[in-house]
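Per TrEMBL, these features apply:
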| type | residues | note |
| --- | --- | --- |
| DOMAIN | A:39-439 | domain 'Major facilitator superfamily (MFS) profile' |
| TRANSMEM | A:44-63 | transmembrane segment |
| TRANSMEM | A:104-123 | transmembrane segment |
| TRANSMEM | A:130-149 | transmembrane segment |
| TRANSMEM | A:169-189 | transmembrane segment |
| TRANSMEM | A:201-221 | transmembrane segment |
| TRANSMEM | A:327-348 | transmembrane segment |
| TRANSMEM | A:354-378 | transmembrane segment |
| TRANSMEM | A:385-405 | transmembrane segment |
| TRANSMEM | A:417-436 | transmembrane segment |
| COMPBIAS | A:465-488 | compositional bias 'Basic and acidic residues' |
| REGION | A:465-505 | region 'Disordered' |
| COMPBIAS | A:490-505 | compositional bias 'Polar residues' |
Amino acid sequence: MEISSGIDETQPKFALPVDSEHKATEFRLFSAAAPHMRSFHLSWVSFFACFVSTFAAPPLLPIIRDNLNLTATDIGNAGIASVSGAVFARLAMGTACDLFGPRLASASLILLTAPAVFFTSIASSPVSFLLVRFFTGFSLATFVSTQFWMSSMFSAPVVGTANGVAGGWGNLGGGATQLIMPVVFGIIRDIGAVKFTAWRIAFFIPALFQTLSAFAILIFGQDLPDGNYQKLQKSGNKQKDKFSRVFYHGITNYRGWILALTYGYCFGVELTIDNIIAEYFYDRFNLKLHTAGIIAASFGLANIISRPGGGILSDMMAKRFGMRGRLWTLWTVQTLGGVFCIILGRVGSLSASVAVMIVFSVFVQAACGLTFGVVPFVSRRSLGVISGMTGGGGNVGAVLTQLIFFKGSRYSKEDGITLMGIMMICCTLPLFLIYFPQWGGMFCGPSSDKVATEEDYYMSEWSSNEKGKGMHETSLKFADNSRSERGRRVNSQTLSSNATPPANV
Amino acid sequence: MAGGALFLGLVLVLAYFSETCFAMITFSSLQRTLVVTASHPQRILKAGEDKITVTWGLNQSLPAGTDSAYRTIKVQLCYAPISQVDRAWRKTVDNLSKDKTCQFKILKGPYTTTNRTSEWTIERDVPAATYFIRAYALDDDDRQVAYGQTNDAKKSTNLIEIQAISGRHVSLDIASVCFSVFSIVALTGFFVTEKIKGRKAQQ
């Protein structure tokens, strides 16, 4: 008698439990098992390196501004330039991920922007300073490849957590650099270099870190649980998609635009604060630059738990309430972030300010994590484009906010912060308009139409011609795996109706 | 007993606050009693190379005893207004503890009634800007009580223009270019290797 083992002999074995797309259904932080957790560690470390490089200049500005003879206007413009490059780079990165895979896309960008960081060492004027900050800022587009990669490696129940931890620990770089660069500069100066040379040498550290992380991605990384795009495309397991179709389905999805706006007012606010908060504390409370820098660093360092916390919260709410839970939590947390931002601009004492800032940082960073709990479900075919639009929207928000409230002296910094909080609350309201026929929106339940299923939603991105070629297979698997977004109550109803035996024909 | 302790406490508190009150010295309260002159080559000076000769002393036309409180002299290199434009970190503020006009120390030494001269080599970390020189007379508690400077109150004449070192070195330039080229070449190398591997796998 033969006992069927039930194990498919052709299935590769994974260290973590996986779903039908071979995406991990568990997130084990302290494992480095290939391919899932290894991709996680590669992506967050490389993103961290890019953040360190992009914000390496602000803590050393007191020396750089004297060396390059910068004015306050030059510094402000360079700050805006550092976050504006990534607006289109993020969108381009999203498309590149859809077409070439996150491994090649992110490693290419990181190695192409590393020269900008190396050239910072030889900057000699306000113009060259602005240019190096502008081109270094392009590397922040690796955020999109990080989120795309995590969404490709981790399944619906844990995708929010994976995205949140990878994004949060990468953003950490913005805080860590405020501590790392002054220390590196100090060591080099103590060895014997003059101030104006020491800061130049110091920039080699983030540049080399960035380059090495890109090599690690190329050598150890992998696009999908089953292998790399190129290999899978050649063996016929993955269809090569067309740029125009991918792009079209991304930009015509209104949910992507709404998320781009709301992300502009959580992540955009975070970037703005990264650029202005040290000066704010220095001027308003007459602190030493060193102390103001430590406070500024603590805002960015909160990312170690707050953004992952947002992702975890999103997954928890989805287990019980599905996509509607994710949307409501995002709206609540981001609006509260806006409220605390208004309060931050109003408080007048140092200790109250620091306390409010920390609470504010937790809410605004959690909102970022919650946003990327929703993004993976907006589109399957154009996941990269949607991620890129949302990520780019974050940078647009940073540029706009700094231009309106923090350039020149129209508003005092504290008024600017309060007004920014009001704008956060207003720009979060559009979340009410997001509606998924199969899951519902914030105010409406799922469509009572029998045809409103996950398959219908994700299949609408493919033409019948393309379906005929079998290009929609992965979307079909994803639709099946995303049924958990109905929440627990509705899920059990669906299961009981599915259990009814088919009538005899 | 309790009353005495309370009184002592009150005195200490008052003393503390009066200390902080006295600590706020304003520039406008200082007397201009010193005469300071500087001589240097009449061209743009180079940091790390050129020297400035500074002479300072009490204005002889003032009555004797004006300088009774002076114990120390501090001579500083200060930013001229043109180098302070749009640069809040060099701002002139009346409260001397917050004033950022004079950021470089030329010398600090005991005060003497006779005129003194000193030659100073411009330090290598002085940034490129336009400057003038100011001397403060300090009392026993190291507080400013008088000053003198190389130009008038408008700080528009006798300005010293200094050209800073760039901080760049040929070795740094070469290293930057080499590493940058290496990054691009490495990326191209990876792509080529992947293509070759892909072709081999197909064969």
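Quick reminder: no glycine exception, Cβ is built from N, Cα and C everywhere.
No contact links the transmembrane segment (A:417-436) to the transmembrane segment (A:44-63), because fewer than 3 Cβ pairs that are 6 or more residues apart lie under 8 A.
The average per-residue pLDDT of the prediction over the domain 'Major facilitator superfamily (MFS) profile' (A:39-439) is 90, rounded to a whole number. For the transmembrane segment (A:44-63), the list of distant contacts is 75, 78-79, 82, 106-107, 110, 113, 117, 120, 129, 133, 136-137, 139-140, 142-143, 146, 165-167, 169-174, 176-182, 185, 195-196, 198-199, 202-203, 206-207, 209-210, 213-214, 216-217, 274-275, 278, 289, 293: same-chain residues at least six beyond its ends, Cβ to Cβ under 8 Å. According to DSSP, the secondary structure content of the compositional bias 'Basic and acidic residues' (A:465-488) in residues is 19 helix, 0 strand, 5 coil. For the transmembrane segment (A:201-221), the list of distant contacts is 34, 38-39, 42-43, 45-46, 49-50, 52-53, 56, 60, 103-104, 106-107, 110-111, 113-114, 117-118, 120-121, 139, 177, 180-181, 184-185, 188, 193: same-chain residues at least six beyond its ends, Cβ to Cβ under 8 Å. Outside the transmembrane segment (A:354-378) by six or more residues, the chain places 147, 151, 156, 159-160, 163-164, 167-168, 171, 253, 255-256, 259, 262-263, 266-267, 269-270, 273, 277, 295, 298-299, 302-303, 305-315, 318, 323, 326-327, 329-330, 333-334, 336-337, 340-341, 343-344, 347, 386-387, 390, 394, 424, 434, 436, 482, 485 with a CB less than 8 A from a CB of the stretch. Long-range contacts of the transmembrane segment (A:104-123) within the same chain: residues 43, 46, 49-50, 53, 56-57, 68, 89, 93, 96-97, 129, 132-133, 135-136, 138-139, 141-142, 145-146, 149, 200-201, 203-204, 206-207, 210-211, 213-215, 217-218, 221, 223, 229, each at least 6 residues beyond the stretch ends and with a Cβ under 8 Å from a Cβ of the stretch. Same-chain neighbours of the transmembrane segment (A:385-405): 76, 79-80, 83-84, 86-95, 97-98, 140-141, 143-144, 147-148, 151, 246-247, 249-251, 253, 255-257, 259-269, 271-272, 275-276, 368, 371-372, 375, 378-379, 411, 415-417, 419-420, 423, 427, counting only residues six or more beyond its ends whose CB sits under 8 Å from a CB of the stretch. Tertiary proximity for the transmembrane segment (A:169-189) is limited to same-chain residues at least six positions away from its ends with a CB under 8 Å from its CB atoms, namely 43-44, 47-56, 58-60, 63, 142-143, 146, 195, 198-199, 201-202, 205-206, 270, 274, 278, 290, 293-294, 296-304, 307-308, 365, 368.
Outside the compositional bias 'Basic and acidic residues' (A:465-488) by six or more residues, the chain places 19-21, 23, 155-157, 238-239, 241, 245, 318-326, 377, 380-381, 436, 438-439, 446, 453-455, 457-459, 494 with a CB less than 8 A from a CB of the stretch.
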